[in-house]
């Protein structure tokens, strides 16, 4: 009797491929935060070009003084006419911006105003809608001036302005290191989130507790970076003081750029008396 050959054919129901439609779900906790972090890192890697708002270059310290004068004046003034004139001054400065930079200014300014209004909102129940609108107007003007300065001033000019105003070297060094290593810490946070996503097999039960652990790890990493950087700077002979380079001489155009803020301050002083 010959041995029978076993039947090795695969059944037909195993050969048919069935595709199960997967319902569209919302973005997960990891993916959503990683997308926002990648967008932030791309902006830090390729910052937007600074807009030239005038035909001559104003000294960095004069631009910084103008910003401080306007912000302090907005904080001290309670006159609606004076605040309206300051709003017109900012509006006239915005007219010199290109359309692309103006759209970027409006987007960042509206987001910052919306976040600031969350802190001003309790005044509605304490003092009424009039106080809320008044403080909202002052906060919006402060943020508009700060946003305009950020849009038209590179970071190196900010450091040069602080040096020209004789700010402490420790403050300038801390600010420069913080901006320089911000992208490095962001990349470390992104890599940590990707590693946790690969090791996570279930939905995150406590996302806010996990966020606290991530930022705690980020703080320890920044502390390690700071110690390594300080040791490297000491090895290269840094003694905590910057060599002050000879800056350019002040010109009458610098004082002319500062004149609108001075005129508004004079009106504010004489209006009160």
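Quick reminder: no glycine exception, Cβ is built from N, Cα and C everywhere.
The transmembrane segment annotation in Swiss-Prot covers 64-84 (among others). Here the transmembrane segment (64-84) has long-range neighbours at 134, 137-138, 141-142, 145-146, 149, 158, 161-162, 165, 257-258, 260-262, 264-265, 267-268, 271, meaning same-chain residues at least 6 beyond its ends whose C-beta is under 8 angstroms from one of its own.
Feature annotation from Swiss-Prot assigns transmembrane segment to 117-137 (among others); the stated evidence is sequence analysis.
Marked as transmembrane segment by Swiss-Prot: 159-179 (among others).
Feature annotation from Swiss-Prot assigns transmembrane segment to 210-230 (among others); the stated evidence is sequence analysis.
Remote same-chain residues near the transmembrane segment (251-271) are listed as 54, 56, 58-59, 62-63, 65-66, 69-70, 73, 76-77, 79, 82, 85-86, 89 (criterion: CB distance under 8 Å, separation of at least six residues from the stretch ends). The transmembrane segment feature in Swiss-Prot is assigned to 251-271 (among others).
Sequence-distant contacts of the transmembrane segment (210-230), counting only residues of its own chain at least 6 positions beyond either end whose CB sits under 8 Å from a CB of the stretch, comprise 177, 181, 184-185, 188-189, 192-193, 196, 204.
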